[in-house]
Amino acid sequence: MFLSFSVPLLLLAWAHSAAAATADEWRGRSIYQIITDRYALPSSTPKSDCDVSRQTFCGGTWNGIRENLDYIQNAGFTAIWISPINKNYEGPRTAYGDPYHGYWVTDVSQLNSKFGTADDLKALSADLHKRGMLLMVDIVVNNVMVTSTTNPDYSDCFFKDASFYHPYCPIVWGDTQSEQTCWFGDEKVPLADVDTTNPTVIQRYGDWIQGMVKEYGIDGLRIDAAKHVQKSFWPTFCGKAGVFCMGEVFGGAEVDPIAEWQGPDALDSVLNFPMYAALRDAYSIPGPANITQLDQVFQDSKKKFKDTTLLGNFVENHDVPRWHNLSVDPQSLYNAMTWNFMADGIPIVYYGQEQSFSGSGDPNNREALWPSNYANTTTYQYITLLNKLRNFLVNTTDWAKSETEILTSSPHGFAFLKGSIISILTNIGSPPQAGVHISVKTPWETTTALTNVITCTQWVVGSNRMVDAQYSLGGVPVVLVPSDQLKGSGLCGTELAYVDSHGGKADALNANSARSPRNLSIIPFVAAVAASLKFLL
């Protein structure tokens, strides 16, 4: 069934800016993650180099983001997540550089003037909402930066009295009590731990977040170091915020320590570190390895997370190596990304991922984007295709709420079903392997017509309801949709015939906006498949 949305664009945009975005609203979004200092210079600033090794400011601002939103929207993203907006340490340069990243917060009640003014941030929020997009802001409540572990000065901080902080102690990792009361950082950059059990701290933090969300039209929060604050703090805090809360609970492939932080007694969502670890291990090195671990993480996640459809899916962020640093094979990235877009969860793409940036880790994975000239790369086009399909499904069906089911797995990959879509992913990499295939039993009757939207090729369900993915052209992902369900999607030659219920234009992917300086039109991805076999991005 294809729904018709006749509500005028401006009315929908107003509705998003006036009402809090719920978890259900975020479930259908896709997020582009930004470090403000590194995404875009404002138009009034000449382009300049950004040496990441210097760990200092490169000049990106909220106005720079606003002036370059077309690049994000034309790729099909429906939300952005920006780095912390609050005042940071402003003293002499430290041994680890300057706080260009925004995480060395001192006073949450003030904005970081390095990135712009209050009016600049409001203008960014307003422009996003006019486009039907949402704004997620990174926040830091666990700690503040000071300059001494023995005699800290809190005069520039939101909480100015020492009684609002835990006394200094180095963290003993693996000890929950220590992780929630001792200090991040070290003697060079001490990060004093706020006592979030203090009733005054709870009340003042609640009043602050409620006011900030309302003043700047914030739709969601990404919470830094969420597990370093006692779990009971978050329901009250997020309740005061009145918006979707996604926490960072850093970890590996083990599900239990992460899953306990999602639910009514904790947070709406967490970043999906277990699946990141599983995808990294299964796909960063082509070959029949670690598919079993991925399958196990998936099964454990279904049992232990409260709602896997709300988890934040990623293969890159500012705390882990760029994928292109782990693997230069483009199909390894495309298969991993396809999981994040087509399985349960909210896909998140870290800025520069679409440009094949290759930084090894902090600070090298925090490159400036402007030297790329925001190019229409093959990876950008692939992300655009995935977003176009996902947005269509979100807007016309209840696909986002459907639970993913793994249909088959083998040493070479696996297939899964979500809603009426089957994705077949492989870890063989780009080189052709004629002897490799993945056979999948589908829920469809024999002779059902299917379309692989990645290549726009036609498939037919065979006997015993089987389809067979073969890799004579290399390890290209397969995403199969019943052909009659593509009607109205604008994909693979079909006419676009739906209105985006997010309030943005459904055909943003065709870049017809008069504001767009680039006219970034999507090309049939099949043309890039052959090219990927000849060179590595």
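A Cβ is built for glycine as well, from the same backbone N, Cα and C atoms used for every other residue.
Automatic, uncurated: that is what TrEMBL annotation is.
Marked as signal peptide by TrEMBL: 1-20.
Taken from TrEMBL, the feature substrate binding site applies to Gln55, Trp104, Arg222, Gly252, Asp319, Arg366.
Taken from TrEMBL, the feature active site, nucleophile applies to Asp224.
Per TrEMBL, the feature active site, proton donor maps to Glu248. Sequence-distant neighbours of Glu248 (active site, proton donor) (same chain, 6+ apart, CB under 8 A from its CB) are Arg222, Ile223, Asp224, Ala225, Ala226, Lys227, Val270, Leu271.
Residues or ranges marked as site 'Transition state stabilizer' in TrEMBL: Asp319. The C-beta environment of Asp319 (substrate binding site), restricted to residues of the same chain at least 6 apart in sequence and closer than 8 Å, consists of Phe250, Gly361, Asp362.
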**Q.** Residues that sit under 8 angstroms from Gly252 (substrate binding site) by C-beta distance, when 6+ apart in the chain
**A.** Phe273, Pro274, Ala277
Q: Show which residues of the chain containing Trp104 (substrate binding site), separated from it by at least 6 in sequence, have their CB under 8 Å from its CB.
A: Asn88, Tyr89, Met145, Val189, Leu191
Q. Which whole number of Å gives the largest C-alpha distance between any two of Gln55, Trp104, Arg222, Gly252, Asp319, Arg366, the residues noted as binding substrate?
A. 27
(Q) With every protein chain in view, what's the tally of Cβ atoms within 10 Å of the Cβ of Arg222 (substrate binding site), excluding that atom itself? (A) 24
(Q) With Cβ-Cβ distance below 8 Å and at least 6 positions apart along the chain, what are the contacts of Gln55 (substrate binding site)? List them in sequence order. (A) Tyr96, Gly97, Asp98, Tyr100, Pro363
Q: Could you list the residues of the same chain, at least six apart in sequence, whose Cβ is under 8 A from the Cβ of Arg366 (substrate binding site)?
A: Ile35, Arg38, Val52, Tyr100, His101, His318, Gly359
